[in-house]
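Novice: Before I ask anything, here is the structure I am working with.
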Amino acid sequence: MRELRGIGASPGGAAGPVYRLAPPPALPPLVEPVDPEAEKTAVRAAVLAVAADLTRRADTALEATAAEVLRAQVMMAQDETLIDAADIAIDGGADAPHAITDVLAGHRAVFEAAGGYLAERVSDLDDLRDRLVAACLGQPMPGVPDPGHPYLLIARDLAPADTAGLEPAMVLGLVTAEGGPTSHTAILARTLGIPAVVRCAGILDVADGALASLDGASGVVVAGVSAETVTTVNADRLAEIERRARSHGPGRTADGHPVALLANIGSARDITGEVEGVGLFRTELLYLDRVDPPSHEEQVAAYRDVFAALPGRKVVVRTLDAGADKPLPFLRLADEPNPALGVRGLRVARQAPSVLTAQLAAIAAAAAATDADVWVMAPMVATVAEAAAFTESCREHGLPTAGVMIEVPAAALRASQLMCHADFLSVGTNDLSQYTFAADRMCGDLADLLDPWQPALIALLASCAAAGVEAGKPVGVCGESAADPSFALVLAGLGITSLSMAPRSIPAVRESLAAHTVNECRQIAEAALAAPSPEAARAAAAGASRQLRFGDGVSVR
Ligand code: PEP
Ligand code: MG
């Protein structure tokens, strides 16, 4: 048996034979084409075939996020400039596969040089190149294997096209050698409920068919396990899924202290099962890949779809969070050396105020047409003045419940003052970690700094929660940290009033809260706050939890 360590990216245990992603096609030696026109036709045919295949995958993708990523890839494939550049390469002596490879290598260099979100899209471009070359060579599309039985998928990294087509019934778990905890592989695995480990060095040395197990919470992968282990791990997982499917009802601690468990969504399609409400409706999907902003009617329809699905329940709509890792072409934002520190989130309203006011008007119109309890919040608020201006604008549009996200340390430090204007706060721990630790959230190599158990992040969360308690106003958390069942205890103990996460993560968090009293959560939070490192914070919280539950020491009941 061999133990490998990666980063847990999607919780749960899984075991089975491993199979790797079908390799990309090997580029044959260049042969100067005798008929350049035939090569140009081959490029066009490859584009048509690949775009059709990706569109089919997008249409059948189970998740809205996956579908959007695939449609973005279709747009890249159909980009006229790609075909024009391939024609020029063919006129220069390349055959179709080499022309495609050369042109996409140029695009790749531009994406890499841009850094941030675009650099993360490099794997989408590589995937597109492999698909187009395979189509030119008449080879099958590279990608997910189909051994005819459930298995663990291993890969260097996964392209969105691969992840979107994953069937949770067949792919029991996945392990990648590269990628980070905020890469699309990790986010989609979490959305699909497939246990996953990323950045697992050595996984590609494990032979196809070998039995392995993975723990998507701790990031531990064991290669060479027995058939009995495979049966036990998968039976445990199944029992856990079945037990959680039966769990329902609002989030509460063992002694009935309410902590609302809300869903993070990008569109109405993401609302699965019974949810207490939506704690983060990311509205960027509506604006992606467009040259013009969506019309009032289009926006109203999209918001109404979501509100109508949740009558009487809370829906927190986040206004457009453009820029940095979410570039939106229609805004024509200037190139910046540090986009994450530039004009993004609410700051876009400085340059394009009408985009925000048009969105607020559309949210208000959709809210008026349904019975949902609509709350609105702005991303990337840094100052009290920004909070005051935003909440005032919401009220002018007839939106009575207006809040702000805490994603910038400056805002966390002034949480009490923000509360003089805002009706609620919602902490976006993904960005708050990035800005507190000056560590790009897209950078897998800095994952240790982006760990929500970092005591400095917990301290900022504590002061936001305390500001909420003092003001008698709600303070929620809607970053990825809210989905960690152990960290949820810390958050509840600090006084956070709601946790918002991918709907599939809710049952595990509900279960964790239900097993502890609010006083136990407070002691767990204190233990984590006092720890000198994330490892110590985790251990202290786990120790406090065990001690409290098994009466091994201090009892708080
Ligand atoms: C966050 O930053 O934690 C957050 C929820 O927003 P996003 O991940 O969309 O930036
Ligand atoms: Mg954010």
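Indices start at 1 and increase along the chain as displayed.
Glycine is no exception: its Cβ is also placed from the backbone N, Cα and C atoms.
Automatic, uncurated: that is what TrEMBL annotation is.
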Novice: Hey, TrEMBL has phosphoenolpyruvate bound by Arg282, Arg318, Asn430, Asp431. Any idea which of Arg269, Arg441 it lists too?
Specialist: Arg441
Novice: What is the Cβ neighbour count of Arg282 (phosphoenolpyruvate binding site) at a 10 Å cut-off, with all protein chains included?
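Specialist: Result for Arg282 (phosphoenolpyruvate binding site): 19 neighbouring Cβ atoms inside 10 Å.
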Novice: Listed recorded positions are Arg282, Arg318, Glu407, Arg441, Cys478; which sit with C-beta under 6 angstroms of ligand 2?
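Specialist: Passing the 6 Å Cβ check against ligand 2: Glu407.
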Novice: For a quick check of packing: other C-beta atoms within 10 Å of the C-beta of Asn430 (phosphoenolpyruvate binding site), how many?
Specialist: 18
Novice: Using the alpha carbons only, what distance in Å do you get between Arg282 (phosphoenolpyruvate binding site) and Cys478 (active site, proton donor) once rounded?
Specialist: 11
Novice: I need the CA-to-CA distance for Asp431 (phosphoenolpyruvate binding site) versus Glu407 (Mg(2+) binding site), whole Å please.
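Specialist: With the alpha carbons as reference points, the distance is 5 Å.
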Novice: Could you give me three numbers for the domain 'Phosphotransferase system enzyme I N-terminal' (5-121), the DSSP helix, strand and coil residue counts?
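Specialist: Per-class counts: 76 helix, 13 strand, 28 coil.
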Novice: Using a 10 Å radius around each Cβ and all protein chains in view, which of these binding-site residues has the most neighbours: Glu407, Asp431?
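Specialist: Checking each of Glu407, Asp431, the winner is Glu407.
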